[in-house]
Amino acid sequence: MGDKEFMWALKNGDLDAVKEFVAGGVDVNRTLEGGRKPLHYAADCGQDEIVEFLLAKGANINAADKHGITPLLSACYEGHRKCVELFVSKGADKNVKGPDGLNAFESTDNQAIKDLLH
């Protein structure tokens, strides 16, 4: 199985499949198709259980994708409060700026997320 199947599992919250990929040797910090890491895809889609699993397996919490976007920024852009909460609790850098020049706090209009980032 390749990137497409792994990315599908990451985006759709199939934790069992993600665990199988990782147990089979998939690097949790590998750059996938699209120039993004597994953590970015999970964060984009609000898959907090997968985010938590990947972090436990050593995923780089501050990894930037090909556009300079971190997983925390991805979660902020998409309004995924639980993922933002996980990233903040695990020490994600809240000051990294995305390609638009905005940090995590500045990049969201969601008040619940802003409260987590203060």
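Backbone N, Cα and C atoms are what each Cβ position is placed from, and that goes for glycine too.
Features of the protein shown, as given by Swiss-Prot:
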- 1-30: repeat 'ANK 1' (REPEAT)
- 34-65: repeat 'ANK 2' (REPEAT)
- 67-98: repeat 'ANK 3' (REPEAT)
Quickly jot the same-chain residues contacting the repeat 'ANK 3' (67-98) by Cβ under 8 Å, restricted to those at least six beyond its ends, or write none.
35, 37, 39-40, 42-48, 51-52, 55, 61, 104-105, 107-108, 110, 112-113, 116-117
Counting by DSSP, what is the helix, strand and coil composition of the repeat 'ANK 3' (67-98)?
17 helix, 0 strand, 15 coil
Suppose you look only at the repeat 'ANK 2' (34-65); what would the mean pLDDT be?
98
